[in-house]
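Per TrEMBL, the features are:
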type: COMPBIAS; residues: 439-455; note: compositional bias 'Low complexity'
type: COMPBIAS; residues: 748-758; note: compositional bias 'Low complexity'
type: DOMAIN; residues: 564-623; note: domain 'STT3/PglB/AglB core'
type: REGION; residues: 439-488; note: region 'Disordered'
type: REGION; residues: 735-767; note: region 'Disordered'
type: TRANSMEM; residues: 23-43; note: transmembrane segment
type: TRANSMEM; residues: 93-113; note: transmembrane segment
type: TRANSMEM; residues: 125-144; note: transmembrane segment
type: TRANSMEM; residues: 150-168; note: transmembrane segment
type: TRANSMEM; residues: 180-196; note: transmembrane segment
type: TRANSMEM; residues: 227-252; note: transmembrane segment
type: TRANSMEM; residues: 258-276; note: transmembrane segment
type: TRANSMEM; residues: 288-312; note: transmembrane segment
type: TRANSMEM; residues: 359-387; note: transmembrane segment
type: TRANSMEM; residues: 504-526; note: transmembrane segment
Amino acid sequence: MAAPETSTAAVPTLYTNNTLRNAFGGVLSFFILLLIGVMAFSIRLFSVIKYESVIHEFDPYFNYRVTQFLAKNGIYEFWNWFDDRTWYPLGRVIGGTVYPGLTLTAGTIWWLLNSLNIPLSVETVCVFTAPIFSAFASWATYLLTKEVKGTGAGLTAAALLAMVPSYISRSVAGSYDNEAVAIFALIFTFYLYIKVCSWGGYTFIINLIPMHVLLCIVTGRFSSRLYIAYAPLVVLGTLLAALVPVVGFNAVMTSEHFASFLVFIIIHVVAFVYYIKGILSPKMFKVAVTLVVSVGLAVCCAVIAVLIALVASSPTKGWSGRSLSLLDPTYASKYIPIIASVSEHQPPTWPSYFMDINVLAFLVPAGIIACFLPLSDASSFVVLYIATSVYFSGVMVRLMLVLAPAACITSGIALSQAFDVFTGSIKFQLTGASSNTEVDAAETSSSTAESQTDAVKTEKPEETAKNRPSRKSKKKEREHGEKPSTKAKAEKKRLLALPLESSVISLLLLVLLGAFYVVHCVWAAAEAYSAPSIVLTSRSHDGLHVFDDFREAYAWLRHNTDVDDKVASWWDYGYQTTAMANRTVIVDNNTWNNTHIATVGTAMSSPERAAWEIFHSLDVKYVLVVFGGLVGYPSDDINKFLWMVRIGGGVFPHIKEPDYLRDGQYRIDSQATPTMLNCLMYKLSYYRFVETDGKGFDRVRQTEIGKKYFKLTHFEEAFTTHHWMVRIYKLKPPKNRIRGKTKKSKSKTSSTTSSPKRSGTKKKNPW
């Protein structure tokens with residue numbers, strides 16, 4: 001009887017060990033997640049450490065200005081704010097044209113901190129919002145990946161997302177843009193959907209989730225959990241999206257949302273079919289299914305007909321320009337040059353994939369394969385997510401940001417599975433023999449104990465045995481089923497075990513791969529993505545050079561111009577001019593009015609006098625151009641000029657791109673066309689440029705300019721920054737031109753009555 005007592009005593013000990021192991025693993029996972037969050041936050045602070053706490057790029061300045069208004073005036077004033085300092089003379093209704101998630105989030109954080117007597121400025125909160133939500137996004141990635149492949153894969157995916165360069169490029173300190181919060185919201189919504197409790201109204205989400213639901217239905221994976229997860233999503237998501245002013249009725253009137261409604265009808269038909277299957281006989285079920293499917297098809301056809309009728313009048317069939325650019329990559333270049341002109345909307349190159357996701361590009365295929373072993377609802381969602389994000393990232397380089405979480409999730413799954421295989425093989429090879437001996441001994445003692453127990457039980461009265469025949473038979477069946485499964489698992493481990501040397505070498509290679517990824521991510525965070533576009537730097541043999549021309553120009557406008565003066569520039573600099581110079585602009589980065597932008601592009605493409613008339617009609621006082629020919633700054637207005645020509649020519653046909661090209665080539669040297677050499681953009685960029693080096697050598701285009709000596713007749717130079725990167729010109733008043741015309745008309749009148757000699761001594765009109 002000693003053997004059964006030993007075996008029984010070992011059970012609670014084993015249970016206690018497992019409990020302690022699980023508790024220790026939970027605590028360790030918590031601290032690892034905490035460290036991952038700290039790492040995600042810290043790696044994004046290089047921009048503050050190397051430069052200063054400043055807002056980056058262009059769009060973040062508008063978001064910062066809106067957050068300032070929200071913090072100062074409150075939520076109700078924000079919804080009704082009409083901004084008269086942008087898009088003059090049209091203006092802009094901010095509350096009805098902006099997605100409020102980022103602004104409300106930062107405003108709430110600022111309000112909470114100030115309520116706790118932590119007096120941080122709005123700018124400081126805006127600067128650090130992106131790093132904070134990067135940590136949240138890492139934790140959300142852990143939760144999502146854990147639902148797919150367990151804790152190990154979740155921790156690995158969270159660590160990868162915390163450092164991936166593609167996400168860092170949009171979430172460094174100071175990058176106060178929508179992606180700072182949107183990526184966390186996207187991942188967390190996917191997690192809640194997988195956990196069967198989700199809501200949302202985001203275009204990518206509202207299309208990806210219906211695709212997954214339809215995939216589950218087609219592959220026979222429909223369940224009540226799927227219905228409970230999806231039905232509230234569509235209803236609540238549509239209602240919540242309609243409450244946002246910028247969305248409104250677009251939640252039910254645009255083609256981007258139609259897929260969710262169609263799948264909503266399909267899942268109700270399928271759910272009803274499964275319901276009646278459980279309450280009807282097979283014969284009645286066939287009749288009922290025919291009726292339900294017929295009615296469902298009729299409803300679907302009716303809905304599709306109504307939707308087609310709603311969008312038929314639209315030239316884009318209810319799709320937005322950006323959505324059509326994703327579905328047809330050539331659409332924007334053909335019909336909407338304003339979208340194609342944005343560098344973020346260009347297709348990525350292969351090196352950009354290596355730059356933004358690095359070694360994850362090689363791990364993604366392995367992660368996709370691991371998702372199929374076995375395939376579940378959660379893993380099928382991840383496969384669908386990575387497939388769609390890979391396609392969209394190939395259309396627009398900006399959508400590399402959407403690819404980054406999917407790549408981290410699949411790569412985390414691949415690395416976790418690989419570590420499990422290699423460490424399991426090493427453990428099996430090192431402890432295989434002793435474990436087999438212990439298992440055999442345990443099985444022998446267990447069989448002895450069972451035989452003794454059975455012998456004791458046979459001594460019991462016959463009535464007791466008759467009272468519990470089913471329990472005894474079930475126990476024996478379960479025991480007989482467990483023994484082969486244990487042996488099968490041991491045999492499977494033996495077959496899957498790799499040689500010890502191969503496992504050790506593979507683990508070392510994985511560690512080196514991870515080290516290379518960490519080094520690349522830290523370099524990208526410190527060097528490639530930490531520099532704010534408002535402050536530029538360069539290194540040379542004599543040290544570091546800082547180019548602060550943008551803030552210098554905006555400060556000059558703020559201190560040397562009237563508050564009501566209007567400033568014209570290309571739309572790239574509209575948000576910064578409004579936020580930093582506090583001056584009214586003609587166009588900005590919202591790009592909602594293509595005709596207004598085309599008007600500015602036409603003015604820049606026109607000769608000086610025609611450009612003056614256009615700007616004067618818009619009540620413009622100053623014109624700002626960005627020029628990089630002296631210091632070698634490539635993102636200047638001369639390099640963007642052809643897009644101004646294309647956008648302007650799309651609305652005003654007299655502007656033709658071939659007039660600015662010589663044999664199909666864009667040139668600014670002596671071979672440039674007369675139209676190019678006489679347009680306003682050329683003159684404002686290269687005015688007095690020859691005085692810098694005596695030759696007029698453009699360091700960006702690597703050539704000498706074609707027209708070096710000329711004077712401005714309708715504009716005068718007001719200010720040029722230290723490195724000539726920003727040049728500001730003032731429109732000459734119209735009274736000078738009117739006086740000239742008056743003198744000319746008077747002289748013509750007098751010449752008809754005076755002698756030829758007197759008319760010959762007439763003073764020439766300087767204008």
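All residue numbers here begin at 1 and follow the chain in the order shown.
Using the three backbone atoms N, Cα and C, a Cβ is placed for every residue, glycine included.
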Counting only residues 6+ away from its ends, which parts of the chain sit with a Cβ under 8 Å from the transmembrane segment (23-43)? 131-132, 134-139, 142, 151, 155, 158-159, 161-163, 168, 521-522, 525
Same-chain residues at least 6 beyond the ends of the transmembrane segment (288-312) with CB under 8 Å of its CB atoms are 253-255, 258, 261-262, 265-266, 269, 272-273, 276-277, 280, 318
Long-range neighbours of the transmembrane segment (258-276), counting only residues six or more past its ends (CB under 8 A): 206-207, 209-211, 213-214, 217, 222, 224, 226-227, 230-231, 234, 237-238, 252, 285, 288-289, 292-293, 296, 299-300, 303-304, 307, 318
Most Cβ pairs under 8 Å with the transmembrane segment (227-252), selected from 93-113, 150-168, 180-196, 359-387, 504-526: 93-113
Averaged over the whole of the domain 'STT3/PglB/AglB core' (564-623), what is the pLDDT? 93
Long-range CB partners for the transmembrane segment (125-144) (under 8 A, at least six residues beyond its ends), listed in sequence order, are 33, 36-38, 40-41, 44-45, 48, 53-55, 60, 63-64, 67, 102, 105-106, 109-110, 113, 154-155, 157-159, 161-162, 167, 170-177, 179-181, 183-184, 187-188, 190-191, 194, 405, 408-409, 412
Between the stretches 150-168, 180-196, 359-387, which one has more Cβ pairs under 8 Å with the transmembrane segment (504-526) than any other? 150-168
Lying 6 or more residues past either end of the transmembrane segment (150-168) yet within Cβ distance under 8 Å of it, the residues of that chain are 25, 29, 32-33, 36-37, 39-40, 43-44, 134-135, 137-139, 141-144, 183, 355-358, 360, 400-401, 403-405, 407-409, 411-413, 415-417, 419-420, 517-518, 520-522, 524-525, 528-529
